Amino acid sequence: MVPGYYRPAVVKVNLGAIRRNIKNEMQHLEPNQKMLAVVKANGYGHGAVEVAKVAEEEGAAGFCVAILDEALELRRADIVKPILVLGVVSPEYAPIAAVNNVSLTVPNLEWLKDAEKYLAKENLQLKIHLGIDSGMGRIGFNEDDEFVAANKFLENNNNFFIEGMFAHFASADSDDETYFKHQCEKFKHMKSLLTVKPKWIHVDNTAASIFHSGIKSDLVRFGIGIYGLNPSSNPSSPDLTSAIELEPALSFESELTHVKTIHKGDGVGYGSTFMAEEDTIIGTVPVGYADGWIRKYQGFKVKVGDEYCSIVGRICMDQFMVKMPKKMLVGTKVVIISNNPSDPNNIKAAADYVDTIHYEVACLLNDRLPRVYYEK
């Protein structure tokens, strides 16, 4: 989408908060442990390149992304440290990854064999991480025989450099550790089958790092924590206590573009789902579901000036309306999402309101909303 630079609606990102979150995690790492900063999905909506540069300054060993295009974006921005693509990349694109010094995830033996054909044609060597499905049910090796065969295939194979082996926890953010421990044991078992020697063995994500201890992992893939958000933040449940201080970095702000008084019997929005019962002051905000502010936020309270005001009527594609207790001027600041966790319109409150997680709220705020960076 085209960024709306001529519209008063922006996502603000405090790079100072990002920096402090990374520093806090770096101090929390075990001796000899390193950090990979996860900046997939445009840095969880915060801006991949800008976040990566801060992480690089603070000593991150490298980066994780979800798709090859995200890795190439970082390379174009002169990010030179290792980059791992966590998702499955089609084998035909393995040479592109190799040329750009990007590491790819190996999900199974078939992928290895297919990728080798493309790499051999161009006499290239690709850095790879062996993905293990220890219980996430997503991608990676989960059968002993296939994993053993993959190890044998890789022995003395010059088209691949085995940089890592990893898995992903499904429930490290839960206070019930039963399945978490099951995954640990599964990963430990698969590790015992290795005949090749990866440079890095890694299984820690943000939740595993800040809620658990004693996991032998060369790297921590620090994702949601970079952005100051607690990974245990599920709707209608209390957060687990983080071992490090987390400071939210993102806020979402706009302004009133129109203010009017409507009268008894007047409706607001498509379907007139709000009907005035008396004279009512309505303000219009130039943000809608096309920006990622979905229709389910009808009724949510945003801060207009110094007042918390309910969104009334259905949220439109490009605008929404609020009911105000007093007349305010066009241009009055509207804080849709606050980066202060004590405010009632913080990102967890926004996520809870629509029965989702704050990861999704941040990621949905799309490119039509310019990002404004500051350090405080």
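Quick reminder: no glycine exception, Cβ is built from N, Cα and C everywhere.
Taking Cβ-Cβ distances under 8 Å and a sequence separation of 6 or more, the neighbours of Lys40 (active site, proton acceptor) in its chain are Ala48, Cys64, Val65, Ala66, Ile67, Glu70, Leu86, Gly223. In the three-state DSSP classification, Lys40 (active site, proton acceptor) falls within a helix. The active site, proton acceptor annotation in Swiss-Prot covers Lys40 (among others), and the record cites sequence analysis as its basis.
What Swiss-Prot records for Lys40 is N6-(pyridoxal phosphate)lysine.
What Swiss-Prot records for Arg138, Met317 is substrate binding site, and it gives sequence analysis as the kind of evidence. Other Cβ atoms within 10 Å of the Cβ of Arg138 (substrate binding site) number 14 in total over all chains.
Counting every protein chain shown, the Cβ of Tyr270 (active site, proton acceptor) has 12 other Cβ atoms within 10 Å. In this structure, Tyr270 (active site, proton acceptor) is part of a helix by DSSP. Residues annotated as active site, proton acceptor in Swiss-Prot: Tyr270 (among others).
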